[in-house]
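Record features, source Swiss-Prot:
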- HIS17: active site, proton donor (ACT_SITE)
- ASP19, LEU48, LYS66, THR68, GLN83: substrate binding site (BINDING)
- 1-161: region 'Formaldehyde-activating enzyme' (REGION)
- 162-393: region '3-hexulose-6-phosphate synthase' (REGION)
Amino acid sequence: MYLIGEALIGEGSELAHVDLIVGDKNGPVGMAFANALSQLSAGHTPLLAVVRPNLLTKPATVVIPKVTLKNEGQVNQMFGPVQAAVAKAVADAVEEGLFGDININDICILASAFLHPSAKDYNRIYRYNYGATKLAISRAFEEFPDEKTLIHEKDRAAHAVMGFKVPRLWDPPYLQVALDIVDLGKLRSVLSSLPENDHLIIEAGTPLIKKFGLNVISEIRAVKPNAFIVADMKILDTGNLEARMAADSSADAVVMSGLAPASTIEKAITEARKTGIYSVIDMLNVEDPVGLIASLKVKPDIVELHRAIDAEHTSHAWGNIGDIKKAAGGKLLVATAGGIRVPVVKEALKTGADILVVGRAITASKDVRHAAEEFLEQLNKEEIDQFRIMTDF
């Protein structure tokens with residue numbers, strides 16, 4: 001047996017995070033159990049979980065501090081409410097039948113417990129660690145999460161301790177606001193006016209990046225820390241280097257020009273994958289977008305069918321979106337840019353567009369928030385988890 005469980009419960013400095021492994025005494029878990037009790041280190045001394053002095057919990061459980069214990073107060077918290085909570089949770093799990101028909105004398109548990117240096121409230125420390133241990137045991141035996149749950153949940157919420165969300169584009173359609181602004185004061189004003197919405201993407205436009213460099217991504221993050229930010233660099237050369245620069249600036253996506261050599265595009269896409277950001281090909285002035293996508297050895301995450309600002313008076317030419325997606329193997333988002341206005345949103349969505357790129361219709365509006373909300377309303381998408389009550393994850 002080798003089962004793994006994890007749970008985080010609580011809030012503030014007293015929150016509890018318990019990682020545990022359940023396994024046979026005569027296997028690798030048993031060996032790790034013995035090593036934990038025999039190979040001690042200052043500030044991380046493991047301790048057997050006892051319900052009270054002289055009453056060992058079963059299955060035998062060793063509590064391992066994750067954080068270095070630096071003073072008497074922390075030691076008292078670990079040997080007091082944390083240890084008692086873990087021991088009681090294990091004992092209650094036995095009583096409630098979580099271990100099934102397993103002989104509790106044949107297995108043992110490694111429980112790694114987090115204790116924040118600023119924690120003070122013994123009552124909360126106990127209750128949070130009890131709940132986290134109990135939930136971690138339950139999850140271990142349920143082998144939680146299953147693949148379906150993992151895929152469904154991985155992009156939905158922010159990590160409770162990290163404090164910010166890293167957005168991913170899994171629930172189209174989206175509105176992408178193109179910031180082709182070259183004044184930082186105006187930029188901050190527009191950003192502050194944009195509504196908070198899971199379906200709103202922010203684009204650092206090419207003029208903005210040329211004026212202020214990629215450091216402008218940090219300016220955007222200062223106002224919109226949870227935003228999905230696209231760096232529209234229109235890469236034409238040194239694809240891997242410029243894609244890495246975009247990733248290092250904390251952009252979520254980087255744009256390359258479809259007019260670049262295929263090798264440059266492929267290097268940029270590969271580098272974007274390595275750094276965990278999205279790759280976007282801008283098809284401005286590309287005669288055969290379908291042919292280009294089909295010819296690439298590695299496919300982008302997004303294709304942008306983009307008409308230049310100087311050509312917006314011409315008729316819509318978004319191409320055959322279905323053929324583009326087919327050429328990419330089906331797993332591709334398509335953005336439409338140039339001349340997008342509220343009355344044509346539905347038309348663009350009907351063609352298969354996943355992202356609508358809008359610039360001056362929002363950024364030059366007298367009421368930026370209202371203009372953005374008009375477009376978002378046309379998407380007819382609820383906020384992700386708007387009606388969900390978050391509990392364990």
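Every residue, even glycine, has its Cβ placed from backbone N, Cα and C.
The structure, with features from Swiss-Prot marked on it.
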| residue | record | contacts (Cβ under 8 Å, 6+ apart) |
| --- | --- | --- |
| ASP19 | substrate binding site | ILE4, GLY5, GLU6, LYS66, ALA111, SER112, ALA136 |
| LEU48 | substrate binding site | LEU37, LEU56, ALA60, THR61, VAL62, VAL63 |
| THR68 | substrate binding site | ALA42, GLY43, HIS44 |
| GLN83 | substrate binding site | LEU47, ALA49, VAL50, VAL63 |
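Using a 10 Å Cβ-Cβ cutoff, the residue listed as 'active site, proton donor' registers 21 neighbours. Site extent for substrate: the farthest pair of Cα atoms among ASP19, LEU48, LYS66, THR68, GLN83 sits 17 Å apart.
Mapped onto three states, the DSSP output places GLN83 (substrate binding site) in helix.
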